[in-house]
């Protein structure tokens, strides 16, 4: 066979292979579904798969926790459980669930995002009272991460608006964590101005005037601060600040706790629409309840989330300094209010940037 | 495209050449597949944005911040496109006309931005052009903020757009006979004159096409830009990021409204590109 | 989008990598040695700055913590799942878009009909659509609140946040690549050969196989190769429809982003370097194809 003929043959075969593949896959894709156990699976001892849709900073936490829960559940019921994780920006994750991502449980950055899922009809009303502590098994707060030796002498919120100080914080319109940052700052400014909103707004304008990069997510902001070396101070979740200080750059950063901050409660909820369809309610509820047990609290504390359980809190007491914490409920009248006033299009945050 | 134009029979209006088979089936398949994958999904955007009232649509699409984002997207894509036209032309010229060691490698590497995932490109570019990066430290030293600025966006878009210009200009240069250049040279024209009077005019359509392709891709680019842009409202916030922002706030109608404006712009650009190419093809085949 | 190939069947295929056949008398049509060197330097410098440095950065970062970390990052289960998903997606997408490309090029270049220019523009449209919008389109169609959402839910079919959604988004983004490569090529070849064959009694499929395919095969392969590279590397559109389920709906580019967000920079760049390797392989394949063609 001459090489020309040979080549022709090859091309023909490639073509035929392509054709048949297409036919095969055309049939294949149509029938593809996400695998899930049938309704009976959860009750018996057949393996069960749970889908946990979470936000960015909880990756390490749930990687550990899922193992612990699997062992606990196996021991208790004899059923093996695998928890699949999905992480991303809190708002984006909530949107994916609303648009059809099959989550059994959601563990997001703020109640506002779970409220949005509730409004789409996937979670029943009153979800936040179903579990203890506003359905937030662990909590955190907002602190500052500064460079070693604190060269700019940052002690409290007011130091952030000084000229020449560069502040890194993500965009509150795209990042759940950044909303906590913003609200903590607003709480401070309002208290400092004695409740004068115009003055507080001016103060915030000064703060965001010192922000050179507005990353779209909390993790992006940490990377900008730590890896790119930009900025003098990072406003961040306490757990993220610990992670950066202890694991990303040992002895390169210090944590500064301001005089006042916000009680940041990342809530959890079972997605009723999914668990009822898949028959996973029992294991999903147990999954969230286990977070409140000593083992669950221990894992949360290990990953720098503040535990609720007295005993564990005492054990990790020296790690988490006492600080006056504002709450979203008392200070802002809940998330819906806060969102409307601060983050909606044309609201306060947009005004700060309007020229 | 080439020096041997194929004499075409006068086309029957709206009819196929009777001799060749497969017109109906291929056209049917083309239109069917196109409709399923492109047209129906795109019409979803149009219909979704109809959910907004006219005033709402108007307010969303011409909001000051959205306008600023269009402006930034356009300005940076324009800058990147111009950079690519100049350097893309030089690269294509060098690749076609000269031989030098490493030429093959150079030729091969041009397509890298097609193949490299945009997120990887964004991360890599940011690490190079940030203040503590390999190039960033030099640029910052002379006062050019090469990351987290409009300049950073332009750098990312230059990376994304380069192959479009090179790969449009290169084949034209390759298929082109040098006889006109020779004639001009024989008649005593200086090389620079030849360049200005013969080469540039001949290449203009393909340069424009390459520019328009890079430009169109540039205004839509998201993955590589978000890492390097800094995302500051009114300053370095690009239009695709605004769509994402609106989505994060569950504002689907608003997101589709901005998307629709961008789609229309893309479509107009694409029309322009094809008109240019068509014109270029005619110029090449009927001297 | 045209590739850098010369078109078969033309009078003077340019010899790549060597001086053109006109070289001996090309003295008057080239620049002075100085200008030539300068231009080469500018080209090399520009490419180095814009393309090579990012490439180098990826590999430097990937091997920053040593080869062990590098290979560990590539062999962990989530990375392997991402690689599998990426390959599988490309395996579906590339053949489909290839068949489309051939069909489209055939009807657009071998026949004359009204609205041809519009059709070409529509085929090109996905080039200019922002990837973010591309992904969003399929959410609007197949999301729980999309057009077909309730029907799909009732029949328990998952499109977005599962493999079909990823395939659809990738199909959209790589839609024009093969067609775009073939249309100018087949245009330049005209219809003479096929018409002759038809007059001699050749039937459709046979004619295509014996006349057209040999003429377009290199352009076709180039289109396939580029389509494949883009299919494997797509990030923006896939990110919107994937759902980011670890080990299940994460493609390789998404896996890179995830690792990056976990502060595992070396691992992220290791995964990225795989994609770069695909890119480089693509480019090598392309070079090889072009050499073969001569």
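For all residues, glycine too, the Cβ spot is worked out from N, Cα and C.
Where the annotation comes from TrEMBL, it is an automatic prediction and has not been curated.
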Tell me which of B:227-251, B:252-276 corresponds to the transmembrane segment entry in TrEMBL. B:252-276
Can you see whether the transmembrane segment (B:198-219) and the transmembrane segment (B:67-96) are touching - at least 3 CB pairs under 8 angstroms, only pairs 6 or more apart in sequence? yes
Stretch among B:21-47, B:108-130, B:142-166, B:252-276 sharing the most Cβ pairs under 8 Å with the transmembrane segment (B:67-96): B:142-166
What else in the chain is close to the transmembrane segment (B:21-47), if you only count residues 6 or more beyond its ends and a Cβ gap under 8 Å? 256, 259-260, 263
Report, as numbers and ranges, which residues of the same chain sit near the transmembrane segment (B:108-130): CB under 8 Å and 6 or more residues beyond its ends. 91, 136, 139, 146-148, 152, 155-156, 159-163, 166-167, 221-228
